Structures are given as C-alpha cells and as structure tokens.
Amino acid sequence: MSSAVPLNLGIAHSADSPSTRKGSAKRVLLAEPRGYCAGVDRAVETVEKALEKHGAPIYVRKEIVHNRHVVETLEDQGVIFVDETDEVPEGSLLVFSAHGVSPAVHDSAAERNLRTIDATCPLVTKVHQEAKRFARDDYDILLIGHEGHEEVEGTAGEAPDHVTIVDGPDSVDAVTVRDESKVIWLSQTTLSVDETMQTVARLRERFPNLQDPPSDDICYATQNRQVAVKAMAPECDLVIVVGSRNSSNSVRLVEVALGAGAAASYLVDYAREVDLAWLEGVQTVGITSGASVPEVLVRGVIELLAEHGYNDVQPVTTANETLVFALPRELRAARTS
C-alpha cells in the first residue's frame with residue numbers, strides 16, 4: 001500500500017530544545033506524506049464523475065469526506081448533502097460517503113427506489129467484512145472507535161448483536177462479553193495508533209484470550225501521517241495541522257504532535273485561521289494535513305508563513321504512497337487518469 005523509504009528527515013538537529021534555538025533562521029518542516037489518501041481521492045472523484053455523468057443535483061449521505069473546503073466546493077457544483085436517505089427524493093441518485101454505511105441504510109435507500117453509488121473506502125469495507133465474518137462465527141466484537149462517528153456506526157451496523165463500541169482506554173472497564181474465549185477487537189481506521197494500542201492492552205488485561213484482527217485495521221495513510229509528524233515534532237516550536245474539526249485523523253495529528261514533543265500544535269481549515277500570535281518567538285514550524293485535505297489548503301499556509309519570514313521549507317519524508325483505488329464500477333469508464 002505504501003512503500004517505506006529510509007528516513008529523509010531534512011532536519012538539521014540541535015542538541016537544544018526548539019524553544020532554546022533562538023539564533024537559528026526561521027524554517028518550515030513539511031511532513032511527507034500528508035493530505036489526500038487513496039480512499040479520499042477515490043470518494044471525491046466518485047462524486048465529481050457522478051456529476052459529469054448524471055448532472056446535478058446528486059445527493060450524498062453525510063459529508064463525502066470530513067473537510068469543509070471539499071464539501072463547500074462540491075455544494076457549489078450542485079451536490080446536496082443530507083443526513084439520512086428520507087431527505088432524498090424518490091428515484092434520485094445517492095452517493096454513500098467514504099466512511100461507509102450500515103446494511104440498514106442500504107435497505108432504506110432501496111425502499112425509496114434510490115439509485116446508489118457506494119464511495120466507501122475499500123479499507124473501511126475490509127473492516128465491515130471482518131465484522132460480518134466474526135459475527136457469523138459468534139464472536140463478541142470489541143470495536144475500538146469514537147461513538148457517533150459515521151464509520152463506527154456503519155461497521156457496528158453490520159453486526160449490531162455482536163459489536164460493542166469501545167471509545168478509548170477509559171471505556172474498557174464497562175465492557176462485558178458473553179464468552180471470554182471468543183472475543184476479537186477491530187478498530188475505526190482513523191484512530192491514533194498509540195491510543196488504540198493502549199486500549200487493546202487494557203482490553204487484553206481484562207480478556208487474556210482477546211484475538212487480534214486478521215490484518216491491521218488502522219489504515220496505512222493514518223499511520224504514515226502520524227509517523228511523519230512524530231519524526232518532525234521534537235524539532236518544532238509549533239505544528240500546524242490543516243484539517244477540519246470533525247476529521248478524526250486530523251484531530252489525532254494534533255494530539256500526536258503534542259505527544260511527540262512539539263511545543264504547541266493547532267488545527268486550522270484555512271490559512272486565514274492561523275493566529276499570528278502563535279508565531280511569536282517561533283523558529284521552526286511543522287506543517288501537515290489530514291487525509292481529507294486538498295494540497296491547495298496546505299499551500300495557503302506555506303504562503304502565509306513565507307510572508308512572515310518562514311522561507312526555508314524542508315521536507316520530512318518518512319514514506320512514499322503509491323496506492324490508487326479503482327472507482328466504483330458504475331464510474332470506471334469515466335476515469336481519465
């Protein structure tokens with residue numbers, strides 16, 4: 001999915017902490033990889049190609065991806081975002097978001113005679129398949145994820161009688177299972193790797209026979225972005241994460257930056273949200289972006305920083321990503337690249 005490469009950190013390390021390097025020039029450390037993952041790229045292109053093929057309006061259940069700029073751009077092109085299928089006129093075209101939906105949502109769309117295109121990320125679909133498989137084998141499934149997140153709701157909906165949502169380490173004590181010999185954990189794909197492992201460790205203390213998923217559920221892009229932030233954060237007085245507040249993986253990047261040694265970290269949707277007071281006394285600014293963030297928004301932050309003397313931009317490369325997912329079958333002929 002992603003090919004790891006030797007660390008090309010681009011960092012002139014100092015024995016001093018970031019806050020004590022007051023004689024050094026201002027610089028930007030730019031995390032690579034960052035921004036769009038393969039699943040987000042596929043989902044956004046799915047909506048764009050559906051517009052080209054069918055014309056406006058088309059409907060999307062929930063936000064196609066958790067990014068305000070992407071949603072507003074698509075709205076300008078004639079996309080209508082809805083919370084539930086009963087808001088869509090019968091017979092209309094409905095796209096399911098990258099986060100996936102439960103079988104009940106598919107059934108509801110069919111009852112309204114909606115034409116549907118499924119933009120669920122294939123890595124989310126993999127977790128759905130795991131949930132169904134282990135439910136068939138009558139396992140208790142402990143789904144680590146954020147209560148109320150669309151992805152978690154979709155996965156839990158595949159096997160509601162077998163899934164218990166575990167929202168972080170503090171939720172572990174309340175978990176009960178039917179048979180401690182048949183328990184497996186799965187996870188939301190966009191979590192903090194470190195926090196997820198803490199939750200798993202707590203679960204295993206309670207349920208020693210807890211089984212691991214057949215393959216890693218936290219997606220390659222989430223992990224890669226966290227690794228890049230960890231690599232640069234110790235050198236940063238400030239890390240700016242470009243992403244929306246309802247983006248789980250973007251919020252996690254702020255937490256990872258602070259946990260890895262950044263003196264401060266903030267989440268912004270746009271360059272205009274950067275508070276110039278954050279830059280006072282700051283030599284090194286790290287920049288990254290969540291997996292649903294278009295690169296144009298990152299460039300806006302880089303340009304803003306350049307206006308304030310941060311002209312030296314150094315990449316921090318920890319992995320190369322080459323994965324591309326095929327479009328949904330209904331739209332594959334429409335892909336030109």
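Numbers run from 1 along the shown chain.
Just so you know, glycine gets a Cβ as well, placed from its N, Cα and C.
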Feature region 'Disordered' in Swiss-Prot, mapped to one of the ranges 1-24, 169-192, 193-216:
1-24
Would you identify which residue of HIS99, HIS128 Swiss-Prot lists as part of the isopentenyl diphosphate site it also attributes to HIS66, HIS149, SER247, SER248, ASN249, SER292?
HIS99
Using a 10 Å cut-off between Cα atoms, which of these binding-site residues sit near CYS121 ([4Fe-4S] cluster binding site): HIS66, SER247, SER248, SER292?
none
Whole-number answer please: how many Å between the C-alpha atoms of CYS219 ([4Fe-4S] cluster binding site) and SER247 (dimethylallyl diphosphate binding site)?
15
Cβ within 8 Å of the [4Fe-4S] cluster site centroid (CYS37, CYS121, CYS219 excluded): which residues?
ALA38, GLY39, VAL40, ALA98, LEU123, VAL124, THR189, THR190, TYR220, ALA221, THR222, ALA291
What does the structure give for the C-alpha distance between SER248 (dimethylallyl diphosphate binding site) and THR189 ((2E)-4-hydroxy-3-methylbut-2-enyl diphosphate binding site)? Integer Å is fine.
10
